[in-house]
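Participant: Just lifted these from Swiss-Prot, have a look:
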- 79, 110: anthranilate 1 binding site (BINDING)
- 79, 82-83, 87, 89-92, 107-115, 119: 5-phospho-alpha-D-ribose 1-diphosphate binding site (BINDING)
- 91, 224: Mg(2+) 1 binding site (BINDING)
- 165: anthranilate 2 binding site (BINDING)
- 223, 224: Mg(2+) 2 binding site (BINDING)
């Protein structure tokens, strides 16, 4: 590790193989917490390269517990987090709305590190069982249209890193990796990223896979469609922008999509919205993100996806998906 750290301190970059090997060594407990912390810190002070990101990703996918859900043509709706915006759990809510619209969802998530309440925090609070048992996860998709993949159950190699990330409480390159290391290898992916540079890197890496992808970045910094301004969209076949008026809705202010100050508050906001009791801003931002997931899988237009998402939310289909998952978790 000393050699690697000296290399990084000298403003050199790692090759793909070096990046992969470092992460494998971290996972096998070869480095102490101080060394791991120093390594993570370097990448907070400069941009990660494509080779480094690719090497880290390969290591995590090699070490993870894989789950085969290929029979379902699933999508994962996942943001990198680390955008510092502290919104409510938009992508998790959008996942249930998409499931209510008939899309099969394999939601990869974790506890919040740089945010108050990550996807797993709110799912746990809602009584959702975390499991890596294939038959349970298949039953969830069969009956609820969605399963929850709690990252630590599938990436046990990262147990050495979890406490350090929590103590640092800022975004690290693991935020960038999260959406790319779904252990079920979904055929479709809706990814939100916290800056344009990362959006380009993701696009480059996904172009070399068979994944049908949509990458999102709101130009004012959100890792999802925020409706607070235009959102950059990159897919395997196009690149463009989408604005609130494209969905026929108004521009939102940042305060309208803020999350709770505690996990309890976050769960309360989640329950209100999925039950159809959210306010206009909350409903619109959830449906806009669900719309992009629906459009990614079905190839309908985002506008058509938005109508399908609204129907799922307001008819209670999204809520039914959540209730079924809660029932299966008992």
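Glycine is treated like the rest: Cβ placed from N, Cα and C.
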Participant: Just to be sure I understand the packing, how many Cβ atoms besides its own are within 10 Å of the Cβ of residue 110 (anthranilate 1 binding site)?
Facilitator: 22
Participant: Which of the binding-site residues 114, 165, 224 has its Cα closest in space to the Cα of residue 79 (anthranilate 1 binding site)?
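Facilitator: So, spelling it out, the nearest of the binding-site residues is 224.
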Participant: Far apart in sequence but close in space: which same-chain residues, 6 or more away, have a Cβ under 8 Å from residue 91 (5-phospho-alpha-D-ribose 1-diphosphate binding site)?
Facilitator: 77, 78, 79, 119, 190, 192, 224, 289
Participant: Rounded to a whole angstrom, what is the C-alpha distance between residue 165 (anthranilate 2 binding site) and residue 114 (5-phospho-alpha-D-ribose 1-diphosphate binding site)?
Facilitator: 9
Participant: Specify the count of other C-beta atoms within 10 Å of the C-beta of residue 79 (anthranilate 1 binding site).
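Facilitator: Here the count is 27.
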Participant: Give the number of CB atoms, excluding that of residue 108 (5-phospho-alpha-D-ribose 1-diphosphate binding site) itself, located within 10 Å of its CB.
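Facilitator: The answer is 26 other Cβ atoms.
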Participant: Can you tell me the three-state DSSP label for residue 91 (5-phospho-alpha-D-ribose 1-diphosphate binding site)?
Facilitator: helix
Participant: Ten-angstrom check, please: count other Cβ atoms within 10 Å of the Cβ of the residue listed as 'anthranilate 2 binding site', all chains counted.
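Facilitator: Its Cβ shell of radius 10 Å holds 21 other Cβ atoms.
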Participant: For a quick check of packing: other C-beta atoms within 10 Å of the C-beta of residue 111 (5-phospho-alpha-D-ribose 1-diphosphate binding site), how many?
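Facilitator: Here the count is 20.
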Participant: May I ask which of the binding-site residues 87, 111, 114 is closest to residue 223 (Mg(2+) 2 binding site) if we compare their C-alpha atoms?
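Facilitator: Looking at Cα distances from residue 223 (Mg(2+) 2 binding site), the smallest one goes to 87.
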Participant: To see if you understand the setup: which same-chain residues, six or more apart in sequence, place their Cβ under 8 Å from that of residue 87 (5-phospho-alpha-D-ribose 1-diphosphate binding site)?
Facilitator: 222, 224, 226, 257, 258, 259
